[in-house]
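Pulled from Swiss-Prot, these are the features on record:
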- 44-60: compositional bias 'Low complexity' (COMPBIAS)
- 495-549: domain 'Kazal-like' (DOMAIN)
- Ser15: phosphoserine (MOD_RES)
- Ser16: phosphoserine (MOD_RES)
- Ser24: phosphoserine (MOD_RES)
- Ser26: phosphoserine (MOD_RES)
- Ser28: phosphoserine (MOD_RES)
- 30-71: region 'Disordered' (REGION)
- 1-105: topological domain 'Cytoplasmic' (TOPO_DOM)
- 127-145: topological domain 'Extracellular' (TOPO_DOM)
- 167-172: topological domain 'Cytoplasmic' (TOPO_DOM)
- 198-223: topological domain 'Extracellular' (TOPO_DOM)
- 255-274: topological domain 'Cytoplasmic' (TOPO_DOM)
- 296-311: topological domain 'Extracellular' (TOPO_DOM)
- 337-377: topological domain 'Cytoplasmic' (TOPO_DOM)
- 400-419: topological domain 'Extracellular' (TOPO_DOM)
- 444-447: topological domain 'Cytoplasmic' (TOPO_DOM)
- 472-580: topological domain 'Extracellular' (TOPO_DOM)
- 604-612: topological domain 'Cytoplasmic' (TOPO_DOM)
- 639-672: topological domain 'Extracellular' (TOPO_DOM)
- 691-724: topological domain 'Cytoplasmic' (TOPO_DOM)
- 106-126: transmembrane segment (TRANSMEM)
- 146-166: transmembrane segment (TRANSMEM)
- 173-197: transmembrane segment (TRANSMEM)
- 224-254: transmembrane segment (TRANSMEM)
- 275-295: transmembrane segment (TRANSMEM)
- 312-336: transmembrane segment (TRANSMEM)
- 378-399: transmembrane segment (TRANSMEM)
- 420-443: transmembrane segment (TRANSMEM)
- 448-471: transmembrane segment (TRANSMEM)
- 581-603: transmembrane segment (TRANSMEM)
- 613-638: transmembrane segment (TRANSMEM)
- 673-690: transmembrane segment (TRANSMEM)
Amino acid sequence: MKSAKGIENLAFVPSSPDILRRLSASPSQIEVSALSSDPQRENSQPQELQKPQEPQKSPEPSLPSAPPNVSEEKLRSLSLSEFEEGSYGWRNFHPQCLQRCNTPGGFLLHYCLLAVTQGIVVNGLVNISISTVEKRYEMKSSLTGLISSSYDISFCLLSLFVSFFGERGHKPRWLAFAAFMIGLGALVFSLPQFFSGEYKLGSLFEDTCVTTRNSTSCTSSTSSLSNYLYVFILGQLLLGAGGTPLYTLGTAFLDDSVPTHKSSLYIGTGYAMSILGPAIGYVLGGQLLTIYIDVAMGESTDVTEDDPRWLGAWWIGFLLSWIFAWSLIIPFSCFPKHLPGTAEIQAGKTSQAHQSNSNADVKFGKSIKDFPAALKNLMKNAVFMCLVLSTSSEALITTGFATFLPKFIENQFGLTSSFAATLGGAVLIPGAALGQILGGFLVSKFRMTCKNTMKFALFTSGVALTLSFVFMYAKCENEPFAGVSESYNGTGELGNLIAPCNANCNCSRSYYYPVCGDGVQYFSPCFAGCSNPVAHRKPKVYYNCSCIERKTEITSTAETFGFEAKAGKCETHCAKLPIFLCIFFIVIIFTFMAGTPITVSILRCVNHRQRSLALGIQFMVLRLLGTIPGPIIFGFTIDSTCILWDINDCGIKGACWIYDNIKMAHMLVAISVTCKVITMFFNGFAIFLYKPPPSATDVSFHKENAVVTNVLAEQDLNKIVKEG
């Protein structure tokens, strides 16, 4: 009788908790457990039945050498020694009232609080403060882009080492370290506000048509304020060092502490909270930007939010995050190395690791010498690498849209930047959180196997791919823009903002303040030829505009003036916004529904002792191929659709003011479809390559035959014990 089909799996090695469970069982139970969980034992047992006089050497000497009647105290001490389960507290302080926290739910609560804090700072406050920091410290956009990338660079450099060494360490204390670093990074990021001095206002910008204007000096000199760039980068590097253990060791600790069918629900909840953080960060940051940057001078200055010189108090949110993050250090450090019941939970788990020819030594990974071999082992796991590449492709598109969706909404549907950002956040954040929770819930509800979770992720990606073509439907024609798509009623030229009607106004392209008159949008009141504003009216209204032909009366003033222009963009005639938001919301849900299943699949398809390292590799590759290049690729793509650049009086090109809406929609569809196809390809290839461990049918077959072979098996086991 040959070994059963599918049993031979070198990667499928039982963990030490399973050994403890079998030591306390009766001989018959030992036989059934061995047949159902120990591949090498299963391969050797049929041969022993054929030749009982030749005892087989067991690959696990500790199993046969231990007597079957091990005491409960012995088992308990072995369990505590292996998993170091303990009570919640610090040193000798372990009050009973705090033991309610010493559960998976208690740890999940603290994990979620730290994930929310990290999301508030890194993906909320930093993103919303970048433009203010750029103006305050006189930096180029390329430099502020480097600030944004510093977090991912730090994460990439540290993720492998933290995940490898942290796997053998005290994971909750690693998360206490993460809370410390996140708080420190937030504090460092806010320091330039306290050392750069008081913000000095420049002169008011004249936005109307004047025949004489002071010339602008183009002598460039490097400002000392730009040196604070290095402080911001240091803050981001510290934040990256804090985020590394949070999303590698924290996820692995959650997976350790709960049964397999609940793991996806816990992980999905934790990831959903990390998405909730940016939502809070955007709301908090937006409110703080309505406060003047120098709080003490806020009431004494005449400048308002409508003034281009206005800068908000971007730094307050970082101080609040610093305090909150450091308040989590002590709670995390009070958790034991393993929560109570971890040994029992691990004993009941069945490995679903992908079968390969790699070494699966139980002691593998305990020494630093094993790091290169462990890294090589994971890189040779084709299923794992396919899943990592699929998440990287998905990360590229999600980070790109997270950065530029407000810009797309603003330009396609003619909205203000603040309202577009609000709508973008209202679609992205709830959709992503709902998708994460729903994906984790479905995997947990139906107790999907590793292969089924990959199939589920493939299905959700397919739905998201189909709905991604919403950008083709949502495209809107550009509204008439004088000098860009409209030629000043035939008196000017396309591509030139200057026309005979404003030639004597000495207008500057350094200040973009759009106005609308006669259904046409103008770059500024000056380019519309407006010489006078109407005071104390919201929105601001201009009259005596030489470039606007149709006369419009202003009834709110004592006199009647003609040739009116109103501040702001012209109202768009495109009514596709509600449909676009609804469909894109569904796209986001299905996109993020695959996140938790893929993470669970990665945890299941690798060796138990390499899960943290696997997550570290995933996050490193995800950032190298996804989150770092994603915004850059999206930025270059959107810039390629620009039809009106900001060129100041010194001839230096800045940001883009007007985009070709049709071309932008087509380009975003091309990126979305390409990334989704890559994601589905690697998901499908992972499903094709995956070789599961013994199926339930194989295990049931052995359990049914265990009764027949029980007597011979007990004799064989006793013989090995005597010889040992």
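Count begins at 1; order follows the chain as displayed.
Yeah, the Cβs are placed from backbone N, Cα and C, and that goes for glycine too.
Quick caveat, the model's predicted, so the values are computed rather than measured.
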Is the number of Cβ-Cβ pairs under 8 Å between the transmembrane segment (312-336) and the transmembrane segment (673-690) three or more, considering only pairs separated by 6 or more positions?
no
Taking a Cβ cut-off under 8 Å, which residues six or more beyond the ends of the topological domain 'Extracellular' (400-419) line up next to it in the same chain?
123, 127, 278, 286, 425, 427-428, 474-476, 479, 568-572, 574, 576-577, 580, 630-631, 633-635, 638, 658-659, 661, 664-665, 668, 671
Quick check: do the transmembrane segment (173-197) and the transmembrane segment (106-126) share at least 3 Cβ pairs under 8 Å, counting only pairs 6+ apart in sequence?
yes
Mind looking up the mean pLDDT for the topological domain 'Extracellular' (639-672) in the predicted model?
80
Should the transmembrane segment (224-254) and the transmembrane segment (106-126) be scored as in contact, given a threshold of at least 3 Cβ pairs under 8 Å and pairs 6 or more apart?
yes
Take a look at 106-126, 378-399, 420-443, 581-603, 613-638 and tell me which one has the most Cβ pairs under 8 Å to the transmembrane segment (673-690).
378-399
Grouping DSSP H, G, I as helix and E, B as strand, the residues of the domain 'Kazal-like' (495-549) number 0 helix, 16 strand, 39 coil
Stretch of maximal Cβ-Cβ contact with the transmembrane segment (613-638) [cut-off: under 8 Å; candidates 106-126, 378-399, 581-603]
378-399
DSSP helix/strand/coil residue counts for the topological domain 'Cytoplasmic' (255-274)
18 helix, 0 strand, 2 coil
